[in-house]
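Each remark here refers to the structure printed beneath this line.
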Amino acid sequence: MTPAPKSSFVLGHRHLLGIEGLSAADISGLLDLSEEYVELNRQVDKKRTSLRGRTQVNLFFEASTRTQSSFEIAGKRLGADVMNMSVSSSSMRKGETLMDTAVTLNAMHPDILVVRHHASGAVELLARKVDGSVINAGDGAHEHPTQALLDALTIRRNKGRIEGLTVAICGDVMHSRVARSNILLLGIMGARVRVVAPSTLLPPGIERMGVEVARDMREGLNGADIVMMLRLQRERMNGSFVPSSQEYFQYFGLDQKKLAYANPDALVMHPGPMNRGVEIDSAVADGAQSLIREQVEMGVAVRMAVLEALARNLPNA
């Protein structure tokens, strides 16, 4: 059994529905606790008992590999009883509403619900109907808070800070919940954020979020410390937003030539899954400046920290 983390941080919120509403102190506290779990997860014995006796339900209405498996591993390492609910075989496939599903699950007294849904705002609605804590694992194009937290942890571990860095977020900003959560978090933590995309993939009024806007990669990557690539979210697109994948890669795909526009020590990130040859070239994704595999490792640590920080607020904790 691994030793308990030294951090006693408690998240002062019942749920984690988004980055919006978190303070810099909340974010720093979660990142500090996550740092401890990074080291604990590298030990042979990774088990903890902080969620022993607690029930964690992973309720995913959208397909997921990284996020769902990461939350499952995180919960089990903390000692929780983890249940993955298959929506394909659930009552919702038979016509039950989201709210009825929430009421039904609540009657089983889960302590923590981890929810992903294709509709923006659906997770917040569900949270109103349950007694336990709810973690948003991604809702439509709205938010994906744990992805932004793991990205922040990855940046902080490699750059030593977040404040003052220039972060270029490139690609399908319009349909990306990852972009929105990262813009919010990086702004709270004092980074300079620039979004880089063709006009068709920029949400109207994005400047109101306090970001700079660039419509070509040379301008967008100039002076960047971090280059964060986003995939084309075709499942959320109604119509054509780019002429073709090949033309998109020509102008907005990250290859070695375009990466040279950024600072020499710039680092590359991607939330996954990647579309190689569309938004990123394999030579960059697998190259020395890539943090993409490290992001996956940080995901487990961050989700353990979030689960523990919320569990410390639960009754009888």
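Here the Cβ of each residue, glycine as well, is placed from N, Cα and C on the backbone.
Keep in mind it's a predicted model, so treat the numbers as computed, not measured.
Residues or ranges marked as carbamoyl phosphate binding site in Swiss-Prot (evidence: sequence analysis): Arg66, Thr67, Arg116, His144, Gln147, Gly272, Pro273. Listed in sequence order, Thr67, Gly138, Arg177, Val178, Ser181, Asn182, Pro271, Gly299 are the same-chain residues at least 6 apart in sequence whose CB falls under 8 Å from the CB of Gln147 (carbamoyl phosphate binding site).
Summarising the annotation, Swiss-Prot assigns L-aspartate binding site to Lys94, Arg177, Arg231. Secondary structure at Arg177 (L-aspartate binding site), taken from DSSP and collapsed to helix, strand or coil, is helix.
Binding of carbamoyl phosphate is attributed in the record to Arg66, Thr67, Arg116, His144, Gln147, Gly272, Pro273, and the widest Cα separation among these residues amounts to 16 Å.
Taking a C-beta cut-off of under 8 Å and a sequence gap of six or more, Arg116 (carbamoyl phosphate binding site) has these contacts in its own chain: Leu59, Phe60, Phe61, Glu62, Ser64, Thr67, Gln68, Val123, Asn136, Ala137, Gly138, Asp139. Sequence-distant neighbours of His144 (carbamoyl phosphate binding site) (same chain, six or more apart, CB under 8 Å from its CB) are Asn136, Ala137, Gly138, Arg177, Val178, Arg180, Ser181, Pro271, listed in sequence order. Between the binding-site residues Gly272, Pro273, Gly272 has the most other Cβ atoms inside 10 Å of its own Cβ, all protein chains included.
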